[in-house]
Amino acid sequence: MKFNSLLFDLGPKPEKHPDFWKEWAQRTLKNALTLQDLNKNVAKNIILFLGDGMGVPTVTAARILKGQMSGQSGEETQLEMDKFPYVALSKTYNTNAQVPDSAGTATAYLCGVKANEGTVGVSAAAVRSQCNTTQGNEVTSILKWAKDAGKSVGIVTTTRVNHATPSAAYAHCVDRDWYSDGDMPTEALQSGCKDIARQLFENIPDIDVIMGGGRRNMYPRNTPDVEYPGDKKHNGTRKDGRNLVGEWIDRVKDKKGYYAWNRKDLLSLNPNNVDYLLGLFEPADLPYELERNKETDPSLTEMVDVAIKILRKNERGFYLLVEGGRIDHGHHEGKAKQALHEAVEMDRAITRADLLTSIYDTLTVVTADHSHVFSFGGYTPRGNSIFGLAPTVSDIDQKPFTSILYGNGPGFKLVNSTRENVSTVDYEQNNYQAQSAVPLRMETHGGEDVAIFSKGPMAHLLHGVQEQHYIPHVMAYAACIGQNKDHCRTNSGSPSLSHISPTLALLLAVKWLLC
């Protein structure tokens, strides 16, 4: 009996029938049995989606939100990442931190080496903020490994392009906050350390696609921003007087290189005529998806769409890092609604990437750098708004409480020396700060393991409970780049895809052209 006909036969409430659940389990089992045929192809393309701060509770809550946004109860909904056949857990600690930060973790899942918190692209021998510990402790990333192998490479983020996550792909810096030389101490500059924005254009000067925010770190101090010329807080920050955007434009002007600072300019480009793209859409981070100006700022999905269409023209394939970076910011501010909508948007981007690539030659990995002290509970009934109230009041203070709560953060508030009565405020508004147990200006990260979802060539190697630095080694192994290459060479010495029939290859080519 097919599933759809089963729903019809069981009437309007099929979940009340045991056959509904049995049939669902049998379909899942049948699908699981197909995973015995492992995909051991060479990964022509590799994509890493990084949800900054996207712990397991965030994944679950985003799933429910996605379903409720389409009129369902939500719990039964599938995120795109839920459909990936392999799931593992990642241990996120830094070498000097039980609960990590986004810089040390980025070094792990991009460079394959665990590191100290606050440092990017350097080993644990480097000490945060001590410039003289940089030299000799630099480590390279999978983005560089891919570029050295002849692949096109790209970075797409909703934060600044020189924020912690993307910077570990190209920079070697003992302080994640050295965004421009204007953020650096004099002694560090005198000792020869470079700011992260400068390293973006100098360390790997031919990164094919770069998109996100961070304009103000690219221009000389006091240079008005192109979008906000009257707002001095958005002015350039550089002390050295360099215009890094102008330098980049000059370097690629004869190489089909384009710069875009707004959505209209980005979407007007024909990816077939673009080989290099720099898109800087805000002075700092991009706005939250719920607050995005759809005239000026592209969505993460739109940026991913353009990036893949440019990168995939390379016959040797590509590596793309995509960060849903503002999931983290929403949680830090105690604004769960902002964080969860960011996670849903990243899932849309994953869906778009799936349409533009093939599971047969593209390894896609979705993971997080760390979690947050975010939770939802309270014995809520099926279909309860993910931003709604628990069904009962507290049996201690007799006041209602929202399902979503934080262990600490800015949502801690006392009214007349007691917990605020949330029924007196709009707890479903976009910027509502959920109640927290401990008052802090900014909520903190969580220390538990995070999920790794994977599909495509060699995805089965991401299994069990793994150290975070294992991730890029698997991706490199699958793509025959970096230090693991011998296993995927034919007698002629060139990388080879296996198990793809001519008919299947034709179908993949048709799908690629239609997208």
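Cβ atoms here come from the backbone N, Cα and C positions, even for glycine.
Copied over from TrEMBL:
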type     : residues                                      : note
ACT_SITE : Ser102                                        : active site, phosphoserine intermediate
BINDING  : Asp52, His163, Thr165, Glu323                 : Mg(2+) binding site
BINDING  : Asp52, Asp328, His332, Asp369, His370, His445 : Zn(2+) binding site
COMPBIAS : 229-239                                       : compositional bias 'Basic and acidic residues'
REGION   : 220-239                                       : region 'Disordered'
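Outside the compositional bias 'Basic and acidic residues' (229-239) by six or more residues, the chain places 179-183, 197, 215-223, 283-284 with a CB less than 8 A from a CB of the stretch.
Rounded to a whole number, the C-alpha distance linking Thr165 (Mg(2+) binding site) with Ser102 (active site, phosphoserine intermediate) is 6 angstrom. Separating the Cα atoms of the residue listed as 'active site, phosphoserine intermediate' and His370 (Zn(2+) binding site) is a whole-number distance of 7 Å. Calculated from their C-alpha atoms, the gap between His163 (Mg(2+) binding site) and Asp328 (Zn(2+) binding site) amounts to 12 Å. For the pair His445 (Zn(2+) binding site) and Asp52 (Mg(2+) binding site), the Cα-Cα distance reads 10 Å. Across the range of the region 'Disordered' (220-239), the DSSP-based residue counts are 3 helix, 2 strand, 15 coil. Cα to Cα, His370 (Zn(2+) binding site) and Asp52 (Mg(2+) binding site) are separated by 7 Å. Summary of the Zn(2+) site environment: with the site residues Asp52, Asp328, His332, Asp369, His370, His445 set aside, the chain residues having Cβ atoms within 8 Å of the Cβ mean position are Gly53, Asp101, Ser102, Ile327, His331, Ala368, Ser371, His372.
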